[in-house]
Amino acid sequence: MKKGIVRLISVCLMIFVMFPFIWLLLSSFKHPVELLSVPPSVWPKEFTLEYYADLLRNEKVVLALRNSFIVSAATTLISLAIGIFASYVFARLQFRGRKSLYLLIMGTQMLPAMAILIPMFMLMRVAGLLYTYQGLIVANVAFSLPYVIWMYAAFVRGLPYEVEEAARIDGCSRLQILFRIVVPLSRSGLAASAIFVFIGVWNEFLFAVVMTQSGTRTLPVQIAEFIGEDRIRYEMLFPASILSCLPVLIVVMIFQKYIIQGLTEGAVK
C-alpha cells in the first residue's frame, strides 16, 4: 500500500515537472494561429516541421549554435585543465595560506554574476577581448573554475593517500602521481565536473548578451532575438528552445551514469 502511494506521488511529481517541457515540445509543431487560439490546446491539430526547417535554414541560428559549442567546449576543457592541478594542490599539499586562499576562491561563488558584470565588461574592453570568443570564454572560466575545484578536490581527498605514498617510494614525481594514479581513480568526478560545467556554460545568458555581437552570439542570446517589442515569434521561439535543449539532453542521457556516480561518490567522500 505504501509503495503504491509512493509510486503514485512519484508519477504525479514527474508529470508536474515534465509538463512544461512536453507542452513546449508539442507547441513547436503547431502553426502560429493554433498557438494563440483560445482556449489553448495541448495536442496539435496538425503537426508541422515547417518551422524547424526554417530554423535550420536561418544562418544566424546555425552560427549561434556553432558559437555555443565552441564556447562551451573551450570553457569546459580550460576549466578542467586548470582545475585538476588546483584541486590536487588544495587537497594534498600543505602551504601557508592554503585555507584562506581556498575560502577566497570558493567565496567568489557567492557573488552574483550581475555584481561583476560591469567590471568584467571594462576589463575585457581594456584587454581587447570584448565581443570575441576569447573574452566570453575567459569570463565563463572565471565562474566555472571554482566549482570544478570544489567538486574535484572532494574526490581527490577521498582517495587513499597510501597509494600515492607507494608511488613516491617507487620514484614517481608529483605530476606522475597526478596523471597516473589520481586522475584515473577519479574519472567519475572529472566527468561529472565536465558535464555540469558544459551544461552551465551552454545555458549562460548574462555574459553572452553583454559581451557578444552578431558574429559571436550564442544560442540563448539568439533565441531572445525572437522576442520583439511588438510581437513574439512563437513559431521560431519554440523550435529554437527545443534545439537548445537537445545537446544538454543528449549529454545527460549518454553520461547519466557518470553524473549519478560523481554526485553520490562526492557526497560520500
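Cβ atoms here come from the backbone N, Cα and C positions, even for glycine.
Annotations in TrEMBL come from automatic prediction, not curation.
Predicted, not measured: the structure shown is a model, and the values here were computed from it.
Pulled from TrEMBL, these are the features on record:
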type	residues	note
DOMAIN	65-255	domain 'ABC transmembrane type-1'
TRANSMEM	5-26	transmembrane segment
TRANSMEM	69-90	transmembrane segment
TRANSMEM	102-124	transmembrane segment
TRANSMEM	136-156	transmembrane segment
TRANSMEM	177-202	transmembrane segment
TRANSMEM	236-255	transmembrane segment
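Contact between the transmembrane segment (236-255) and the transmembrane segment (136-156) is not supported: fewer than 3 Cβ pairs lie under 8 Å, counting only residues 6 or more apart in sequence. Under the criterion of 3 or more C-beta pairs below 8 Å, with sequence separation of 6 or more, the transmembrane segment (177-202) and the transmembrane segment (102-124) do not qualify as touching, having fewer than 3 such pairs. When each of the listed stretches 5-26, 69-90, 102-124 is scored by C-beta pairs under 8 angstroms to the transmembrane segment (136-156), 69-90 comes out highest.
Counting residues 6+ beyond its ends, the transmembrane segment (69-90) has Cβ neighbours under 8 Å at 98, 101-102, 133, 136-137, 140-141, 144-145, 148-149, 152-153, 155-156, 178, 182-183, 190, 193-194, 197-198, 201-202, 208, 218, 247 in the same chain.
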